[in-house]
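Engineer: According to Swiss-Prot, the protein has these features:
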- 37, 38, 39, 40, 41, 42, 43, 44: ATP binding site (BINDING)
- 4-238: domain 'ABC transporter' (DOMAIN)
């Protein structure tokens, strides 16, 4: 049984705008899944179905094998935590601590349990010293971390991140990469994220869905998807610079192993130049 599954999911907005068309998706437990595609592909709309923010026009969304209903919606939202692309859409409390505590309090936890979860969540995202800060005075990257802390304080089994690195500087991107790895490894959490940062996909994803015009047009491992540059071009995306360079060298007859992440590319170049066996 998958932690999240959709079956022929369709969503039509007012005006007969088909945002999702027959989406069938599975998220096994303890995996990292990227959903990539151009703006307007339907990624955000899909994510809002994962924890019941939106209801399907047709088709099914199953959480741990069960459809989302009025009776189980609270449990669904404890299971699936959604972080919006713009953190201002979900940060509203006067202090960082109060904002992160909002979810655990509404879960009915006692005061000590709430304090513990808030402390752990802030420590995990590196904001322990920000408890009394006003969230709306923080930088974009700091706000994003507050939003993530507010979700992980509820200890969901699935963390859904809509464009987690959008608007962040390089240091902020590196921090988000570290957090996502930490969540999935330390907590056994399933992480589903969308992004235009294809280098992020190479670093983090174990499986990829490619989306365009409300439909999935391809799916596969990083190697399977990144070996199809024409596919990426068709959805207005491009290979990360390192695998793009290696592909070019290989096409010119240079014997070099393929590499998709920085570490893989480094090893490939060292081998190609005889620096390591």
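Including glycine, each Cβ sits where the backbone N, Cα and C put it.
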Engineer: Other residues with Cβ within 8 Å of the Cβ centroid of 37, 38, 39, 40, 41, 42, 43, 44 at the ATP site?
Structural biologist: 194, 211, 212
Engineer: Counting Cβ neighbours within 10 Å across all chains shown, tell me which of the binding-site residues 37, 38, 40, 42 comes out on top.
Structural biologist: 37
Engineer: Using CB atoms and a 10 A radius, I'd like the single residue among the binding-site residues 39, 41, 44 with the highest neighbour count.
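Structural biologist: Within the set of binding-site residues, the most crowded position is 41.
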Engineer: Under a three-state reading of DSSP, tell me whether residue 43 (ATP binding site) is helix, strand or coil.
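Structural biologist: The three-state answer is helix.
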Engineer: Measure from the Cβ of residue 43 (ATP binding site) and count the other Cβ atoms within 10 Å, all protein chains considered.
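Structural biologist: Its Cβ shell of radius 10 Å holds 23 other Cβ atoms.
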